[in-house]
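What Swiss-Prot annotates here:
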COMPBIAS  594-616  compositional bias 'Basic and acidic residues'
DOMAIN    33-320  domain 'ABC transmembrane type-1 1'
DOMAIN    355-591  domain 'ABC transporter 1'
DOMAIN    686-958  domain 'ABC transmembrane type-1 2'
DOMAIN    993-1230  domain 'ABC transporter 2'
CARBOHYD  Asn542  N-linked glycosylation site
CARBOHYD  Asn631  N-linked glycosylation site
CARBOHYD  Asn653  N-linked glycosylation site
CARBOHYD  Asn1082  N-linked glycosylation site
CARBOHYD  Asn1181  N-linked glycosylation site
TRANSMEM  38-58  transmembrane segment
TRANSMEM  80-100  transmembrane segment
TRANSMEM  158-178  transmembrane segment
TRANSMEM  179-199  transmembrane segment
TRANSMEM  257-277  transmembrane segment
TRANSMEM  288-308  transmembrane segment
TRANSMEM  685-705  transmembrane segment
TRANSMEM  725-745  transmembrane segment
TRANSMEM  785-805  transmembrane segment
TRANSMEM  806-826  transmembrane segment
TRANSMEM  902-922  transmembrane segment
TRANSMEM  927-947  transmembrane segment
Amino acid sequence: MEEKSSKKNDGGNQKVSFFKLFSFADKTDVVLMTVGTIAAAGNGLTQPFMTLIFGQLINAFGTTDPDHMVREVWKVAVKFIYLAVYSCVVAFLQVSCWMVTGERQSATIRGLYLKTILRQDIGYFDTETNTGEVIGRMSGDTILIQDAMGEKVGKFTQLLCTFLGGFAIAFYKGPLLAGVLCSCIPLIVIAGAAMSLIMSKMAGRGQVAYAEAGNVVEQTVGAIRTVVAFTGEKQATEKYESKLEIAYKTVVQQGLISGFGLGTMLAVIFCSYGLAVWYGAKLIMEKGYNGGQVINVIFAVLTGGMSLGQTSPSLNAFAAGRAAAFKMFETIKRSPKIDAYDMSGSVLEDIRGDIELKDVYFRYPARPDVQIFAGFSLFVPNGKTVALVGQSGSGKSTVISLIERFYDPESGQVLIDNIDLKKLQLKWIRSKIGLVSQEPVLFATTIKENIAYGKEDATDQEIRTAIELANAAKFIDKLPQGLDTMVGEHGTQMSGGQKQRLAIARAILKNPKILLLDEATSALDAESERIVQDALVNLMSNRTTVVVAHRLTTIRTADVIAVVHQGKIVEKGTHDEMIQDPEGAYSQLVRLQEGSKEEATESERPETSLDVERSGSLRLSSAMRRSVSRNSSSSRHSFSLASNMFFPGVNVNQTDEMEDEENNVRHKKVSLKRLAHLNKPEIPVLVLGSIAAMVHGTVFPIFGLLLSSSINMFYEPAKILKKDSHFWALIYIALGLTNFVMIPVQNYFFGIAGGKLIKRIRSMCFDKVVHQEISWFDDTANSRSLVGDALALIVQNIATVTTGLIIAFTANWILALIVLALSPFIVIQGYAQTKFLTGFSADAKAMYEEASQVANDAVSSIRTVASFCAEEKVMDLYQQKCDGPKKNGVRLGLLSGAGFGFSFFFLYCINCVCFVSGAGLIQIGKATFGEVFKVFFALTIMAIGVSQTSAMAPDSNKAKDSAASIFDILDSTPKIDSSSDEGTTLQNVNGDIEFRHVSFRYPMRPDVQIFRDLCLTIPSGKTVALVGESGSGKSTVISMIERFYNPDSGKILIDQVEIQTFKLSWLRQQMGLVSQEPILFNETIRSNIAYGKTGGATEEEIIAAAKAANAHNFISSLPQGYDTSVGERGVQLSGGQKQRIAIARAILKDPKILLLDEATSALDAESERVVQDALDRVMVNRTTVVVAHRLTTIKNADVIAVVKNGVIAEKGRHETLMKISGGAYASLVTLHMSAN
């Protein structure tokens, strides 16, 4: 962890050089970039040309003879048309070339990055990165890079040329005035630079805070069942709010600072106008300048200076892109220690399959303080089966990781056929090894595709044979789409047994020489296990096999059994040899497992029902993203973390039909009234902000008025000129100061209102989501912008428009109407321009969603990808998913280019029309010189003001949409609402549970009937064990008692009261749930145990609970003891260790009802005995419901109930049920007997 944080801190200074960004450009890109740059330079010069023409125009209007004037104006107006055509062409080329090349190059970088990530060694994933980071970089960082090397480069070139051109013209036309005005430029630049610098710092802080808040969301949603079962909703909400508070403070500070920056800039600009007017007048009087010349210089310097000010978005983008590229380019350059793409290394004709580990020393890169092997040796002769047994955490699975060469040993050798693994070509040797692990990883694609990972271009016949051999054909044929069924993210749509059989089929298809089985049958119930075991026996013949197993029954037949203890082999031999030595380690393990002879039947482990996302020890999969595991109603919309710029929100990938619904939902328009209502507490703040916004809004039209007055003034006689120039200069300064005060005030108040709103909405949403019956939610990315900034804009724009219109119509109503008719074009033009300044990249992100899903799946299952050498397969799939978005990006580039070009075309044509009609009006005496300019400036500046501010606004449609989705969340009342305080509570709970005629289907799989009219009574203080086949609905019983779901019909009663009438949070506090896949939070062991107790637990209680769960000893032996962080999803602990912590958490709650869902299935014999003892102690005097595979756990139950086809087929004690000949229970038991 420490390394990570230090990396974050120095991340700020690491950037690549600007030109390095383009290192992946090909020839086409170079051509596009060259054309784009030339066009951009050309486009940059249009504005300086425009000021020249404008100067001529003013002089034309300044002539006294009306007829002569009209002729002169016409001459100049034609030049506007030429300019319009020219600018249209260059603007199109500039934008389209740069956008297209940006899209192309970023696609290349994305592909290369994924390719490099897939080739990294597994250790890299343990220590350097995680899925979230990879996906974040692929979806977020590449967009920053694309932004820095696409349209922004063109824009920057354009602005730079405008700056240079403007100054060249100014110095050519009037060097004295230009020199004086230049002195103002540094001030403008400094203000702008300081603002963007501070802003980016603040934005960084805000993002960190939001990222942390996003993390809280991710963890909570990921573990929603655990949160809910332990009524941890309030804790989660509090933690979330504390993170939001930090983010809120930065939002307000950002508002204030951006306000000051903008205010200062505008103040400086207005003051320099004042200076220019006064000094210009002086030059006209003393140096013989004319009015056109002065105006020309003023405009040229200002366009030049303004364009320099507008470069900041580009410069920010360059900085962000260079920083983002640093990490990605580093990764692309990184050559892994163990490289799957490295084709050097020998390839043999064939291998025999002798495996040897020679004096191996090893530690996991992520836990360098724990030595796993110190001088470990093992030999596996070819064609033989060696089984590794031993306690949880002893290093059995590590042997498999070393043979697959996921890691290299620190010293010692791993040999195959006496050749060091390091000398063999990695891809080739992995193709000879088949791996079936305890937690089979499936990709979010079809069953057929999943199996085909085993072999390039496998035929349908081969796939068919593989599924038949793996005993998967039966269940696949039952599925509506057969082999084309989608398996869901990480295989969530399949039960454990089904997933495992697919994984085995995948290995069979590969037809490997060496087979590695890591707990391959631990997830199966008796029947599937026997079937799969047969399949594996078929698979194992004539292959070298290494088996890791908890269950000794599965390995009795192995040629050699090796007992691993604390990283050493303490005993090895065949089952029969070792069982002779009663004191030997093996015999002790066997005794532990059996308890007594007839219990050797214990491999009774019906697998949990359809709904379970399995995992024993999660050490292997640090899959960061996962759907809300277990049959949650959202198992389809798996949560993905999009580290969205504003809000690392949780984004939901729905299936198609969901998306259609989504769209319908989205069109529900949100009234601003409703949003405003949420903002009610901030009304005073909003009023102050609005007043400031109104004042700020009047500034632009007044500025137009001043411009025209001052132009008029330049043509007045010297005496009046002198007096007027002083007056107008002061007015400009006053205007500047107004801005300086009003903008920060406006931004600050709206920042507070907006920030509070977003904080309120986020915490409301989060609170709502946590209390949802396990449901999806959307991100609140842009919600703040709607009230905060959008309201400020609306007020400011209204003020701008009204003032502008008043000035124009009082000046000259005829011309005002003509210009007004054209002003929509000006608005469109300004909007388009500013939009290009802010960029288009947000859309790219959504388009690459599907491609990111492919990457996400591959990275979170990197071991599977590596062991099946499927890197190229993944890359092909990825490229395929990228094609659409890439083409789209190119299309977008061309369209935007055209739009940009035409917007310029319109602008210059409108100017032309305006002045020609003005000249006409003057000729017929309907207007004066001053009026023409008054109207023109008031309206054009009004239009520009409106359009720029609107475009800078975060897209309010987006904001409206997200508002709609937020209100959907806030309006949705969950059917099962844990936040509601309604419902009864009992003084004391006895713990009688009854299911009365319950029928049920999962909301997400309405075609599968789980319970039909199920009846079951569980007397208080007794233990009831549920057994049955995989998918029969045993775990569902537990989900229904916890009230994760309501029955479709029938009732569930506790102490004769229907559970739907109880207060939900109280009900859940009465129960302790320990599930098969314990979910821990990424915090310390201490806080994970304390999670069980609402209102906090004392240190003594925590230690007592840990002792009762047999966890105290191993916790104390860890370097940091109770302060050890368990890692994401508990990856730093072994399965048995996690399970004991989960039990301690349940014990601390001291529940009346104990629900054990496969609580010991993930443990090895010794931990199981220890944990089982702990459970036996806890079960006393509590009503206990146990779902289990193993007979030992079940035999002592007071009642055993067999769940079959959605009803209870039999119930009674073990002895009674055994007597029913041909009974369901007896046959389940016989199955086991024969399996042994």
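Note: Cβ is positioned from N, Cα and C throughout, glycine not excepted.
Most Cβ neighbours within 10 Å among the glycosylation sites Asn542, Asn1082, Asn1181: this distinction goes to Asn1082. Each residue contributes its Cα atom, and for Asn1181 (N-linked glycosylation site) and Asn542 (N-linked glycosylation site) these two points are 53 Å apart. For Asn542 (N-linked glycosylation site) paired with Asn1082 (N-linked glycosylation site), the C-alpha to C-alpha distance reads 44 Å. Residues 177, 180-181, 184, 187-188, 191-192, 194-196, 198-199, 202, 294, 297-298, 301-302, 305-306, 309, 699, 703, 706, 710, 713, 725, 728-733, 735-737, 739-748 of the same chain sit 6 or more residues outside the transmembrane segment (257-277) yet have a Cβ under 8 Å from a Cβ within it. Beyond the ends of the transmembrane segment (725-745), by six or more residues, the same chain brings 256, 259-260, 262-264, 266-271, 273-275, 277-278, 280-282, 688-689, 692-693, 695-696, 699, 702-703, 706, 709-710, 713 to within a C-beta distance below 8 angstroms of the stretch. Through the fold, the transmembrane segment (902-922) approaches residues 43, 46, 50, 57, 60-61, 66, 69-70, 73-74, 76-77, 80-81, 83-85, 87-88, 91, 812, 814-815, 818-819, 822, 825-826, 828-829, 832-833, 928-929, 932, 935-936 of its own chain, all at least 6 residues removed from its boundaries and within a Cβ separation under 8 Å.
Fewer than three CB pairs closer than 8 A are found between the transmembrane segment (38-58) and the transmembrane segment (179-199), and contact between the two stretches is not assigned (pairs 6 or more residues apart). The average pLDDT the prediction assigns to the domain 'ABC transporter 2' (993-1230) is 81.
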